[in-house]
Each structure stands twice: as structure tokens, then as C-alpha cells.
Amino acid sequence: MIYEGKAITVKALESGIVELKFDLKGESVNKFNRLTLNELRQAVEAIQADASVKGVIVSSGKDVFIVGADITEFVDNFKLPEAELVAGNLEANRIFNAFEDLEVPTVAAINGIALGGGLEMCLAADYRVMSNSAKIGLPEVKLGIYPGFGGTVRLPRLIGSDNAIEWIAAGKENRAEDALKVGAVDAVVAPELLLAGALDLIKRAISGELDYKAKRQPKLEKLKLNAIEQMMAFETAKGFVAGQAGPNYPAPVEAIKSIQKAANFGRDKALEVEAAGFAKLAKTSVAESLIGLFLNDQELKRKAKAHDEIAHDVKQAAVLGAGIMGGGIAYQSAVKGTPILMKDIREEAIQLGLNEASKLLGNRVEKGRLTPAKMAEALNAIRPTLSYGDFANVDIVVEAVVENPKVKQAVLAEVEGQVKDDAILASNTSTISINLLAKALKRPENFVGMHFFNPVHMMPLVEVIRGEKSSEVAVATTVAYAKKMGKNPIVVNDCPGFLVNRVLFPYFGGFAKLVSAGVDFVRIDKVMEKFGWPMGPAYLMDVVGIDTGHHGRDVMAEGFPDRMKDERRSAVDALYEANRLGQKNGKGFYAYETDKRGKPKKVFDATVLDVLKPIVFEQREVTDEDIINWMMVPLCLETVRCLEDGIVETAAEADMGLVYGIGFPPFRGGALRYIDSIGVAEFVALADQYADLGPLYHPTAKLREMAKNGQRFFN
């Protein structure tokens, strides 16, 4: 053994060839934390000191190569002064450079995934051989930063600036065949031939058949582009990427600027440019929020995994109620490998559900994400039925009938008599109390809520609602099934609206107050979209459905009359009474036309102004900042109440629920992180400025206490 550490070992393989193996003890994956970086330095020094070494193969002792940096260390590191961050990155790069500058050839053998620092380690090698099932990429822009271990320097010099910009700015994982096509790797082999492939390359380099020094040289030099080529490549890319990323996500464009600025430098000077830009991005609030989101997502996955121990395996599912929603649920279950019965009382609803599933599967085939054979397999896993004949062996039933408590209670009681005693019943409801629905059941311990968001195939969140009598097994089994469907489940306790809708309706309440104060809804939409929402509140209500919003508002007003009941008519009342129901019937706040692709396109319709006129009670002058605060303050305060009331267990789950469920701007991190970014004391003072708007704007006593004590939601 030439070197042995807790993360890295170096041992002789054969005739002067050594294997530098990453295998971080006590972890399921390899990552670049302080320990690993320090051991890499020591391992490289040990190789340099051993004259018998003729070549180095870099490998992993785990199912994946290296997943990247240890993100948990970013939180503390990024609080350091900018100069210290720059120094830290340059020190790390000295280690990578020392490996790259070894007097012997080097080959990286890539298995599983090599992301971020993992791929950057491979780029420092002379050759790369990749398993045909592996994926590689530089996903740092998703964290609000860009690659900091030489990725913006080595990758453009290896695969060309255009390809490198595409890889870095998109942050996507790339398949082996695509990596080979652009020259990011030198060979692709079957997983079982990975070491043999690496040995073949290293032996050919040692023998002189391959000139490893010539292969290494372009990575040490400036980019081979003249001034005109540089201008065309970089200016075009910056314009395109800025349009794609939008103004709130600076990292992709900053990555291009870094590549451009370093284009005329050799490796060492180029790395200084990279380090300076990396440190600048690391200090932004966007990076703080996106890293916080990543860590919150990891927390969600840990909590969901904790349910696995007691969860029952779902081998056969069923959905009650076909149509678009039932078809979406059936599709999601089947495409992820769980066969599902789809029952309805009407043949036409069954057909609608099957058409929906077939359409979604067909779309995946068209995009190359699914083979026709897999599509047929998924369709065969959806069994339509008008009866309960095959329900005896079902493990979980998702009830997705009309949003009416009496209908749901009747259907749930009926199906309970048709399934085995330990089958789980889950109601897909957005507002109806799980405790209320449970009253119709003989086995309420087997009953939970399972709230899917529309469209099911696109929305990542599922709220699993625990009722007063729901057993832990029922909750755990539903969480496990949601995960199996490829969703991100969050367990919440029962209350009107659960987490997401309970928080969303105060936001809509702020919007209603603005419209009643004479503020143009088109202006409100533009302001909130600029703030970062995927769509403004008027457009969102049209998409959700004015009738759905009207019903939800009434449910919330009944549940929380002290702050959500408004005696005055609102914009939603006026539109509902005028039968302007949104996209579903072509007119809501906006009117809708069909575009060339057959999708609804919103257009302004002046007739809506007459409909809204009776509910405008005053003409207030408000700034854009007022518009944001009228809507965001009640949303944030309701999120605080959900946490205080125990509806959601942690701040991380609350924030992720809003990001995944209603598209809360990710670069702002969620409602509670948004409060933290303002400062809890400052947020309380801000809310107090709008106290005259009603109880939705009144901070809780506990929040005032947090403000007084200088506390935060995330430390």
C-alpha cells in the first residue's frame, strides 16, 4: 500500500501501475469534503515520491464515482470573506494541478455518476474511460454558483467552448454516448470492463503508443479561439443563456463570463479568474437560498426514507375516479412500475383517464424518454374497470372523485367494504378535512390524505395528510408509495387547506385586496412575475379555475373565520357569478385563445373591467413594493402559523412544500428563508406597516418573540 487514508487509498495493481481509489469510510457516496481534499494532496505526494510508479488509474470503491463537493460545508465556507474563499479554491486547485502535472500518465475510470468536483477530478486526468451506464456533469449552477475546481478552465479546453458552455450553463447530467461524442471521455465500456478498459489505456500510454503529454498540453494553454471567434462564441452564448436563465439566476451567465475572461490565459492564470468569480457568486443571496433548498431537499429525503422501516410494500394500487386527475395518477403509478386499477362508474370517464395516460406516455416516447415497448408495458399496467371485482388484492386505494365531502365519504365507505383489512385508503383532496372524511369509515386508522397537485405528471409534491386516527403504518405506506411514484412527499397534519393551500389562500387574499383597492390585475401579475413567481396571481387563478378558487376560499374562510373571512364581495366572486371560470371555459381575468401548438394563450379582455367594477371599493396609490408586501406578508405569516401549529414539522418541509407545490421562487428559498433574508425583526416591522389591512397581516406572538431574541428559522 503506497497510501492509506479514510477517503483515499493508493495501491499497486501491476508492473508500476497504481490505483488511486476514492472510498470514503462511513458514507454511501464519495464527496470532496475537507478530509478528502487533504488526503488527495497526501496521496499525490506519495505517488510523486515513489519512483516505481509508471501510471495512475483513478477509481471509486462505491457504486458512484464522486458526487461532488460536500454541500453541507458550503454553508460555513460561504460565510467567509471573499478573499478567503478565493484562497481556499486556489489551494484546492493546487492539489488538482499537482495530480495533473504528475510525470506519469493518468486515467480516470468513471462509474455511476461523476458530478461537480467528481468530474473536475476526471478532467485533471489525461484520459477518461466511462461505464456505458454512467453519467457526468457540472450541476453547480443549480446551487447559484459555477464549477470551482477547474471545470470552467479544463472543460472548454477539452471539448471546445460551445460544448462546455452548454454543459456548464445547463448543469445537466450527460450520458456516456454524449460525453464520448464531444470528447469529454476517450472510451465507453460495459461496467464490468471498466478496470480492464482503464488498464488498456494506461498501458498504451506507458508504452508510448499514446502520447499522454501531448494529450495533456491543450488543458495547460489558452483557448484556441481568435478574437472574432471569441466574440461570436461568448456574446451569442451570454445573450441566449441570459434569456433562458432569467435575471434572478446569475450563475450561468457568470460562468460564461469567466470562461471568456480566462480564454487568453494558460491554466494557472485562468484558475485565478475562476476562483474570483466563484467567490463572488458564493456570497450572493441566490447561492444561499439555492444551497438551502438543496439541503432542505436532502432533509426531506431523509425524513421520507425514515418511513421505509414500517411501510407495507405496495404491489397493487387502485384509483377511484378516472378523468384527467385519475388518468394522471394512474399514469404516474404505472410508468414508475406499480400496476394500478382505474375505476369509475362512467365508461366515458374511464376513456378520458386512459386517453390522458396514453397521451402522457406518447409524449415521453416522442421525446425519446421511453421506448414504445415500455409504453405498452405501462399501458398494460393500467386496468380500467367499472366494478370492484379485482379490488381484493389492492394494497392502496387513491380516491380521486369530485371535491365534495358527502360524495367522498360515500365512495370511501363503499370501497372500504371491498378491500382487505390492511389496505390503505388515501383521499386526494385539496381542502376537505381528513378527520371529517374518516368519520364514514370502520377502519379510520387505515385512512390518510394524499394530495396530488395538478398536473400530476409535472408537479413534484405530494402532501400526505395525517388524520387524528391515521396509523403510522398508513402514513409510512403512503409516503413510500408516493416516493415509488417519483414524487416528493411531505407529511402534514390535518387542517383546512393542509399546508400548501392554507398558505396559498392568504396570498390570494392579498391579491383580492389589491384589486378591490383599484390596482390593475395585469400590473400585479407583472410585478409578482418579476419578483420570481412562474405566473402572476390573476393568471394562476385562471389556470387553477375560478370555481376551484371560489370553493377553496369558502372552505378556508369557514376554517379560519377570524382572518380569512371577508364580508365584502371580491374579484373571485364577481368572475364566478359572471361564469368566467378561467382557462377551462376561455374567460377569467384574461381571455384565452388557442396557439399554434393547441395550448391556451392568455390575452387581455377589456370586458372584464366592467365585471370587476362593482368590487373596486377605493382607488389606492400603491408602489410595486407595496404590491409585493400586500401579497407576500400574509403568505409568509400563514407559513409561520403552520409551523407553530404543528401542521408541518420543520421549516425545511414548509419551505420545500411551497417551492414544489406552488412554484415559490427557488432563488428566494421559501417563505421562511425569505423572512430570514429580510431579518425576522425587520419582517415583523414590515408586517406592522400593513396592520390596517386586517388580521392576515398581524405577526404571531411567537414571531415577535423570535424578533426580540434575534432568532432565525434557519441557522
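Numbers run from 1 along the shown chain.
Positions of Cβ are set from backbone N, Cα and C atoms, glycine also.
According to Swiss-Prot, the region 'Enoyl-CoA hydratase/isomerase' annotation covers 1-190, on the basis of sequence analysis.
The site 'Important for catalytic activity' feature in Swiss-Prot is assigned to Glu120 (among others); the stated evidence is sequence analysis. Within 10 Å of the C-beta atom of Glu120 (site 'Important for catalytic activity') sit 28 other C-beta atoms, taking all shown protein chains into account.
For the recorded site, Glu140 (site 'Important for catalytic activity'), the DSSP three-state label reads helix. Taking a C-beta cut-off of under 8 angstroms and a sequence separation of 6 or more, Glu140 (site 'Important for catalytic activity') has the following same-chain neighbours: Gly68, Gly116, Tyr146, Pro147, Gly148, Gly151, Ile168, Gly171, Ala251. Annotation comment: Swiss-Prot describes Glu140 (among others) as site 'Important for catalytic activity'.
Here Tyr660 (substrate binding site) comes close to Met459, Pro460, Leu461, Asn488, Ile490: these same-chain residues lie at least six apart in sequence, with C-beta atoms under 8 angstroms from its C-beta. Marked as substrate binding site by Swiss-Prot: Asp297, Asn501, Tyr660.
Taken from Swiss-Prot, the feature region '3-hydroxyacyl-CoA dehydrogenase' applies to 312-715.
Within the same chain, the residues at least 6 positions away from Asp344 (NAD(+) binding site) whose Cβ sits under 8 Å from its Cβ are Leu320, Gly321, Ala322, Gly323, Gly326, Ile350, Gly353, Leu386, listed in sequence order. Among the features that Swiss-Prot reports, NAD(+) binding site is placed at Met325, Asp344, Val401, Val402, Glu403, Lys408, Ser430, Asn454.
With a 10 A radius on its CB, His451 (active site, for 3-hydroxyacyl-CoA dehydrogenase activity) counts 24 other CB atoms from all the protein chains. According to Swiss-Prot, the feature active site, for 3-hydroxyacyl-CoA dehydrogenase activity maps to His451, an assignment based on sequence analysis.
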- Note on the structure: Smallest Cα-Cα separation from Met325 (NAD(+) binding site) among the recorded positions Glu120, Asp297, His451, Asn501 is shown by His451
- Can you name the residues of this chain that are 6 or more positions from Asp297 (substrate binding site) yet have a C-beta less than 8 Å from its C-beta? Asn488, Met656
- Query: Far apart in sequence but close in space: which same-chain residues, 6 or more away, have a Cβ under 8 Å from Lys408 (NAD(+) binding site)?
  - Reply: Glu399, Val401, Val402, Ser427, Thr429, Ile432, Leu437
- Under 8 Å by Cβ from Asn454 (NAD(+) binding site), same chain, sequence gap 6 or more: Met325, Gly328
- At the level of the C-alpha atoms, what whole-angstrom distance separates Asn501 (substrate binding site) and Ser430 (NAD(+) binding site)? 7
- At the level of the C-alpha atoms, what whole-angstrom distance separates His451 (active site, for 3-hydroxyacyl-CoA dehydrogenase activity) and Glu120 (site 'Important for catalytic activity')? 41
- Ranking the binding-site residues Met325, Val402 by other Cβ atoms within 10 Å, which is at the bottom? Val402
